[in-house]
Amino acid sequence: MHIPDGLLSLPTLAVTGAASVGGIGTAVKKTKEQLDDHKIPLLGVMGAFIFAAQMINFPVGMGTSGHLIGAFFASILLGPWASALVLSAILIIQSFFFGDGGVLALGANIFNMAVIANFSGYYLYQLFKRNERGYSSSGIVAGGCISVVAAALAAAVEIFLSRRSELMIVLPPMLFWHIIIGIGEGLITLFLISYIAKVRSDLLLQPVVNKEGHHGK
Amino acid sequence: MENSKKFIWIGLASALIVAGIFSPFASSSPDGLERVGEDTGFIEWAQDNIISSLIPDYMVPGIPHEGVATALAGIIGVLLTFIFLYGIGKLITPKSKVKEGSKV
């Protein structure tokens, strides 16, 4: 899902870059307002774990693989704004230190994975009724799947707007592969959240952010 | 050890195990985007990064064993990400803005 340099046109890079700069600015502001300083180690450890998980490509058949994005997972535990910050940090490190995802395409990758995947999964998940342990299994599978599919849709549109291909040529296979990868995302997220429900149920039962009126419960 | 601290250590240890032990066994097949790019042709537009990265392709240069090079890259990445985000958190979060009853 990491877009390399060269794939997107200058206008597409400019627009997604501007959107990402705005997104990170808002994420910093909201995280500042909402995050307890006690949760700073959690911010770091979520980033570390998602970085590691993103290295693990799992086969999805026919010579293709996928890996966790993790934005939806982080949004459940930290709220979507802190999650956006976590994913942006990971994408910046991957791009500059490991050559994974273009440096010029960083804005597009942040837009797709830290913003689109993150908020689409998070808001879909809010529609599901949680169980007494603070989560919804079907909601997690649905949220994980939609987060990957929405990011893939965004990538397909960016490739089309860059005139690298026709939308109707790129979109169907992008959706096909990423629905499968998205189910993987949902199942891995469910495994992680059900473990956390056992050891740190407070993270799921308390509101993720500390201000009244912000995504309580 | 306090429950919340223990959780952080377990999380960090899991990240190091995943990145340092499992990563060499990850699938090397193209991911969804690369696969579609190969099938429809748009991957031909892809270029190398405009800057050369220190650890290209998640392999520490100069290490002959691929698995070890990948594992080391994973461990470096995990620690780098943790420190980076911990630093950002410290930088932007005002001190002890904690509501009663919340713990982390």
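Here the Cβ of each residue, glycine as well, is placed from N, Cα and C on the backbone.
Under the heading transmembrane segment, TrEMBL lists A:6-28 (among others). Counting same-chain residues at least six beyond the ends of the transmembrane segment (A:6-28), those with a Cβ under 8 angstroms from any Cβ of the stretch are 81-82, 84-85, 88, 102, 104-108, 110-112, 114-115, 158-159, 161-164.
Residues or ranges marked as transmembrane segment in TrEMBL: A:40-62 (among others).
Under the heading transmembrane segment, TrEMBL lists A:68-91 (among others).
Annotation comment: TrEMBL describes A:103-125 (among others) as transmembrane segment.
Residues or ranges marked as transmembrane segment by TrEMBL: A:137-162 (among others). Tertiary neighbourhood of the transmembrane segment (A:137-162): same-chain residues 1, 3, 7-9, 11-12, 16, 66, 69, 71-73, 76, 108, 111-113, 116-118, 120-122, 124-125, 127-128, 130-131, 170-171, 174-175, 177-179, 181-183, 185-190, 193-194, selected by CB-CB distance under 8 Å and a gap of 6+ residues from either end.
Sequence-distant contacts of the transmembrane segment (A:174-197) (same chain, six or more residues past either end, CB-CB distance under 8 Å): 1, 53, 58, 60-61, 64, 66-69, 72-73, 76-77, 133-135, 137, 140-149, 151-153, 155-156, 203-204. Annotation source TrEMBL lists transmembrane segment at A:174-197 (among others).
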Cβ contacts under 8 Å made by the transmembrane segment (A:103-125) with residues that lie 6+ beyond its boundaries:
1-5, 7-8, 12-13, 16-21, 23-24, 27, 69, 71-72, 74-76, 80, 83-85, 87-88, 91-92, 95-96, 136, 139-140, 142-144, 146-148, 150-151, 153-155, 158
Residues from the same chain, set at least six apart from the ends of the transmembrane segment (A:40-62), whose C-beta lies under 8 A from its own:
68-70, 73-74, 77-78, 82-83, 85-87, 89-90, 93-94, 177, 180-181, 184, 188, 203
